[in-house]
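Features reported for this protein in Swiss-Prot:
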BINDING   32, 33, 34, 35, 36, 37, 38, 39  ATP binding site
DOMAIN    2-230  domain 'ABC transporter'
């Protein structure tokens with residue numbers, strides 16, 4: 001279980017404050033207007049931002065001040081952050097060993113994830129030789145191979161065309177179910193959220209303004225639907 005209790009981030013001396021509970025294995029979408037604080041929320045969970053106050057626990061363990069490298073969390077951004085001079089295999093391998101000295105078990109784990117992502121025939125290529133969708137598959141593989149219990153997505157597929165984006169969302173959802181991972185995904189699209197998350201959280205003005213069933217948001221009947229431009 002992921003639990004945030006009054007986690008506060010001071011943005012230009014204006015506090016953003018979040019309280020949220022996500023069950024193990026749950027898939028949750030984080031929605032809201034631009035600048036509302038969605039990415040800030042993910043960065044607080046990942047440890048890239050240190051809160052001014054509040055508490056963050058994962059499976060009952062306090063991780064409020066744990067550095068990102070030691071948190072049981074993986075995060076995937078729109079900018080996939082692949083190293084252009086490293087091959088696909090090496091980029092994925094970084095998720096297992098920063099020194100890229102992989103033992104036989106780690107090698108097999110890396111190739112198993114690559115097969116799952118459908119990129120096992122691209123392992124010797126450089127990122128510059130790949131399409132945008134292929135690069136995001138590599139970045140996702142690097143996250144999954146770490147086998148952390150929580151996966152955070154900050155609009156990683158927003159630059160992809162609709163068909164490819166839907167394909168990636170399905171791949172993420174299936175992979176998280178197989179590995180029993182908790183998923184939190186920032187998105188500007190309620191339709192994308194509905195494909196992957198039964199529950200959604202709406203962030204507005206640095207607060208969680210609403211949380212509930214994604215389908216309720218889509219129907220226009222939720223109190224927060226208007227924040228997303230949805231009318232019933």
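Each residue, glycine too, has its Cβ placed from N, Cα and C.
Fewest other C-beta atoms within 10 angstroms, among the binding-site residues 34, 39, are seen around 34. Apart from 32, 33, 34, 35, 36, 37, 38, 39, the residues listed for ATP, the same chain places the Cβ atoms of 40, 203, 204 within 8 Å of the centroid of those Cβ atoms. In three-state terms derived from DSSP, residue 32 (ATP binding site) belongs to neither a helical nor a strand segment and is classed as coil. The C-beta environment of residue 36 (ATP binding site), restricted to residues of the same chain at least 6 apart in sequence and closer than 8 Å, consists of 203, 204, 205, 206. When the binding-site residues 32, 33, 35, 37 are compared by the number of other C-beta atoms lying within 10 angstroms of their own C-beta, 35 comes out lowest.
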